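Down below is the structure, laid out as structure tokens.
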Amino acid sequence: MFAKIASFEFRYQLRNPVFWVAATLLFLLSFGFVASDAVSLGGGNGNTHRNSPFLITIALYIFSIFYMFVTTAFVANVIVRDDDSGFGPIVRSTRITKFDYLFGRFAGAFLIAALAFLAVPLGIWFGSVMPWIDSETLGPNQAAFYLWPYLTLALPNIFVTSAIFFALATATRSMMTTYLGVVGFLILWLIVNAVLSRNPEYREIAAMVDPFGGGAMGRATRYWTAAERNGALVPFEGLLVWNRLLWAAIGVAFLGAAYAAYRFADKGMSRRKRKAERLARIAEAETPPPVSTGPLPTPDAARAGRAQLVARTRIEVQQVFRSPAFVVLMAFGLFNTIAGLWFGDDIYGTQPYPITFSLIPTLQSGFGLIPIIIAIYYSGELVWRERDRRMHEIIDATPLPNWAFAVPKVIAVALVLMATYAISVVAAILVQLLKGWTDLELGKYLLWYILPESWDAIQLAILAVFVQALCPNKYLGWGIMVLYIIATLVFHSIGLEHDLYLYGNSPRERYSDINGAGTFWIAAWWFRLYWGAVAVILLAAAHLLWRRGTETRLKPRVRLARARLAGSPGLIMGAGALIAIVTGVWIFYNTNILNDYRTKGDNERFAADYERKYLRYENLPQPTISHVVMNVDLHPREIRADVTGSYRLTNLTGQPIRDVHVRNPDRNLEILSIDFPGARIASDDTRFGYRIYRLDQPMAPGESRTLSFHTRRQQIGFRNDQPDERLVPNGTFLNNNELTPAIGMDRNELLTDRITRRKYGLTGELRPPRLEDVAATRRNYFGGGWTTADITVATDADQVPIAPGRTVSDVTRGGRHIVRFVSEAPILTFFSIQSARYQVARRVHDGINLAVYYDAAHPWNVDRMLNGMEHSLDYFQSAFGPYQFDQARIIEFPGYATFAQSFANTIAYSEAIGFAADVRDPDKIDYVTYVTAHELAHQWWAHQVIGADTQGGTMLSETLAQYSALMVMKRLYGPDKMRRFLQYELDNYLRSRGGETIEELPLERVENQPYIHYRKGSLVMYLLQERMGEAAVNRALHQLIERYRFHGAPYPRSIDLVNLLRAQATTREQQDLITDLFERITIYDLKTVSSTATRRADGQWDVTMTVDARKYYAGGHGNEREAPLNDSIELGLFTALPGHGAFDRRNVVMMERRPIHAGRQTFHFVTRTRPTHAGIDPYNFYIDRNSDDNVTTVG
């Protein structure tokens, strides 16, 4: 009988629309994951194949989490269905046993759920064989790649969730309660995972208690390279095996609980039915006797209409707020939002202050999906509510006007949506208050979040109501809206990017404390007015097509709608159409006439055509800008900058120059005129802004000429996208390439992605010259050479202008603040212009004027930045050489980007990082000081010594700036505090290797790969100074400064530094280490297997530690081979876990460097204090593939 019941249930569910809808949706999503760039799961990119076993596993894992909502529909339905249909008592009166009935039904439902989920691997496979997919992005299709993750991850997840929610449905006999349990389960999982995963000591526990196996899988694959991702299956061992066994047992236990809880003999009446019956009896008992009434008052149509509108709207709103589904959605959305708000976007584990403007993006991303679901779901529910309850004929027969049906429902949804956004703001305010933040800025929440987001969601709700008015049932309406949402994600990938024809879309608004809403809101609200008018038309159309009575066919309703157009509906639709046309024309005029409208494809074609035409001139000798004079006239409120100036061009190439190439480096820049005496225009390419000047007489070596120019940067009107974020009303931050013409061809804006290059017929990879290319040392990797500058900046009277150089005049006249800056030392032809309403904090340190220009709302870390500059100057001047300027300045800019950037004696610093960092906790990483030190170090590494335009060029700037900052941090906080920082760098480096787009290279050959020159660079240089000594490394760096300070061509290469370091190396081991660190990709696998401590008779402790060690050399795609290991590595004993909490020198029992060879070794120590932790390489000096097992608890 068990088999028959299971078979019956399987066949029944196979006919269930839920099965086919779920399977189809899963297939389409998984198909799109591989076949379309618009869908992405698991961060697939670079050299990882689209159909790699790693990404297939990630896809099945993610789908299996959300699939529990579908699973519940199958397994909970088998319990609830019989009782809801009234068939339950009949079944229970037969001779079927409880076991057969209960588990037969479960087995059939579970099998159908497992079958439907096969649509995921099927969709991935089908997507991988589509003819339009670039074959180089695909790997082999092996059955094991699909079956293994299905059997080890997806199928156990389906079983566990099926068992849990089957048991819940058995106990509650309620689908809604069961779905509330699903959401609660999801929230509980997220909470437990977030809490445990943040503490390294509990990460193994977190992996064990993860019901979906993601933690165990993540620990096994987090540092996989592209080669491993493309060819390896997730090993079914260790934590993953125990996790699967644990949750399988939990699933069986829940099935046992369901069996015990189920009463086969009698279900009894549900609580809802008991309540309804009780209310019916009370109503019957309390029915009042009929009473006589007097004459009725004369009806007032207007008053009655208002009353009907208010009453029906109230009813509709109450229906939503009382809906369990609304509670479920809000609970999930609020939890997700609060978690994001609480933990924040931390940097090195340090969170920012909960400033309102920084919380709004988190609200938009964490809560944004919930109003979309509410708008779509409840539009269908409210439109069809009367018909679902079979009350429509009664209500439709009432003398209500047609508008009284559609309008209250739309108003109700609008009020609900505004309420949901307001509730999310309450959650944000609660987080702020709990964190001790009282500057709540309610106006920003209202104007920057509630109003715009509500408007957009209401427009979507009106579209959903219109679709429901057209469709024969709400399920089709929901399906169409889901397809519409999916389509909006795809439109951009096929070139449909203009918000003018993407319903409800508007340009993204940028917010900042410094610049407020700027002028970005103007474009967004013009689009909202346009789409609001369209929404009015849709609402009127929904009103005209509204179903009344028994007629539900569309054609008769369309014919009737034509007759209804007369009167108010026609006037409203006409007004909406007029507003839409007028605003649409105005938008088109601004976005496509006053400004250039370019799609992503247009930009790609532009770059491809530019490369084909001009890349051949890259190595053409060109003069250097040896002196620049600029007059920059900023009009921030008008989004305009007028620039006049001149270049002194000097031929430093050693050969005559006949042609000078002048280009427009920024498509937002207009070159109004160029005056170049002694030259004529040989070519004027207006499309690319590229001119070639033919000199009447070639420039001789050493000769100089003058080129004068007049340029303008201005945004007229507004754009569809990519508004000017650099020139803004308050907080302008521009560099010279955004204001002035450039000399010579530059490759920075060319296409680098291999797939995109092949798409446009470009061959090969666009990579920098090889390290051995001596000819490439004629250029530095910034492009320009050394220059001097005389810059005058004029801005609004209430703003402070800043440019590189010493201030030689500062006047305010005619409502303009005018300052002249003259550089006192050579600078790169790469400098910034900034302007805003700043507060200024100043100090003088050893004759150097220090200043921080900051917004008045962000004073918290100003003193810390000044202190950081003082400490950095002390260290850098002592170690590397003198500072070249008499001032150093940090200038805050709006948080549209989150970085800091060093220009000559000027550091541009985003308000979204250091200025807002909450570094009050002494156990947190002080990244404000670290970033300050890093950027100030660039005054040596880039602004004194700049690398050649070859492989390894960024090592001489970014890696050495990292090292310099680390040494400042080491002096301030001690070496025992550095493990925490190095651990972040190690984790970032190892995780990034798998996303490499071309190939990983040794540090000395880095090709502007941030994870190498920043993250690996930190680890390499820190280990190097530990082994060779900080003084020896600094001697090499000092020599590099002395040899190449302000040096022109030939510019230094990374091998020049490596050779200087080798000259300081005194042992064979140090020379081998330099080879491993700079010339190879070296990975270690160091592990403490066990450690014990035994008390001796003299009161001391015998400590035994067993370690296992390996060393590997890796190729560019991650393939590894084991290498001989004969290094001296630290072994340590501690009374606390290194790098966590308040760990410091007092917790160090012993630290010794011992010779380590490949394989397992045991070491013995005698200590006076009993250690609690022991480990190999406890401070993470080495690049270890799994540093979590370096330190273990002493037994």
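Each Cβ is built from the backbone N, Cα and C atoms, and glycine gets one as well.
Look at TrEMBL and you will find 866-1049 tagged as domain 'Peptidase M1 membrane alanine aminopeptidase'.
For the transmembrane segment (54-80), the residues of the chain that approach it from at least six positions outside its boundaries are 9, 13, 16, 18-19, 22, 26, 29-30, 33, 41-44, 48, 105-106, 108-110, 112-113, 116-117, 120-121, 124, 145-146, 148-150, 153-154, 157-158, 161-162, 165-166, 168-170, 173-175, 178-179, 182, 185-186, 212-214, 217, 221, 224, 228-230, 232-234, judged by C-beta separation under 8 angstroms. Under the heading transmembrane segment, TrEMBL lists 54-80 (among others).
As annotated by TrEMBL, transmembrane segment applies to 101-127 (among others).
Look at TrEMBL and you will find 147-169 (among others) tagged as transmembrane segment. For the transmembrane segment (147-169), the list of distant contacts is 53, 56-57, 60-61, 63-65, 67-68, 71-72, 74-76, 78-80, 106, 109-110, 113-114, 117-118, 120-121, 175, 177-178, 181-182, 185, 211-213, 217, 233-234, 236, 240, 244, 247-248, 250-252, 254-255, 257-258, 261: same-chain residues at least six beyond its ends, Cβ to Cβ under 8 Å.
Residues 65, 68-69, 72, 76, 161, 164-165, 168-169, 202-203, 205-206, 209-212, 215, 324-325, 327-328, 331-332, 335-336, 339, 343 of the same chain lie 6+ residues outside the transmembrane segment (176-196) yet bring a C-beta within less than 8 angstroms of a C-beta in it. Annotation source TrEMBL lists transmembrane segment at 176-196 (among others).
Long-range Cβ contacts of the transmembrane segment (245-265) within its own chain (Cβ-Cβ under 8 Å, at least 6 residues beyond either end) map to 92, 98-99, 101-103, 106, 156, 159-160, 162-164, 166-167, 170-171, 208, 211, 213. Marked as transmembrane segment by TrEMBL: 245-265 (among others).
Per TrEMBL, transmembrane segment is recorded for 324-343 (among others). Within its own chain, the transmembrane segment (324-343) is flanked in space by residues 176-177, 179-180, 183-184, 186-187, 190-191, 194, 198, 351, 354, 359, 362-363, 365-367, 369-370, 373-374, 377-378, 416, 420, 423-424, 427-428, 430-431, which lie at least six positions past its ends and keep a Cβ under 8 Å from the stretch.
Look at TrEMBL and you will find 355-380 (among others) tagged as transmembrane segment.
Annotation comment: TrEMBL describes 410-434 (among others) as transmembrane segment.
Long-range contacts of the transmembrane segment (446-468) within the same chain: residues 357, 360, 363-364, 368, 371-372, 374-376, 378-380, 383-384, 406, 409-410, 413-414, 417-418, 421-422, 425, 474, 477, 480-481, 484, 503-504, 506, 509, 511, 517, 524-525, 528, 531-532, 534-535, 538-539, 541-542, each at least 6 residues beyond the stretch ends and with a Cβ under 8 Å from a Cβ of the stretch. Annotation source TrEMBL lists transmembrane segment at 446-468 (among others).
Residues of the same chain lying 6 or more positions beyond the ends of the transmembrane segment (475-494) and with a Cβ under 8 Å from any Cβ of it are 17, 21, 25, 28, 32, 36-39, 372, 376-377, 379-380, 383, 463-464, 467-468, 502, 505, 600. Among the features that TrEMBL reports, transmembrane segment is placed at 475-494 (among others).
What TrEMBL records for 529-546 (among others) is transmembrane segment. Distant neighbours of the transmembrane segment (529-546): 402-403, 405-407, 410, 455, 458-459, 462-463, 465-466, 468-470, 500, 503-506, 554, 557-558, 560-561, 564-565, 569, 572-573, 575-577, 579-580, 583-584, 587; these residues of the same chain sit at least 6 beyond its ends, with a Cβ under 8 Å from one of its Cβ atoms.
Residues or ranges marked as transmembrane segment in TrEMBL: 567-589 (among others). Sequence-remote contacts of a segment are chain residues at least 6 beyond its ends whose Cβ falls under 8 Å from one of its Cβ atoms, and for the transmembrane segment (567-589) they are 403, 500, 526-527, 529-530, 533-534, 536-537, 540-541, 543-544, 717.
Residues 320, 323, 325-326, 329-330, 332-334, 336-337, 339-341, 344-345, 409, 413, 416-417, 420-421, 424-425, 428, 431-432, 437, 439-441, 444-445, 448-449, 453-454, 457-458, 460-461, 464-465, 468, 474, 477-478, 481-482, 485, 511-513, 895, 912, 916 of the same chain sit 6 or more residues outside the transmembrane segment (355-380) yet have a Cβ under 8 Å from a Cβ within it.
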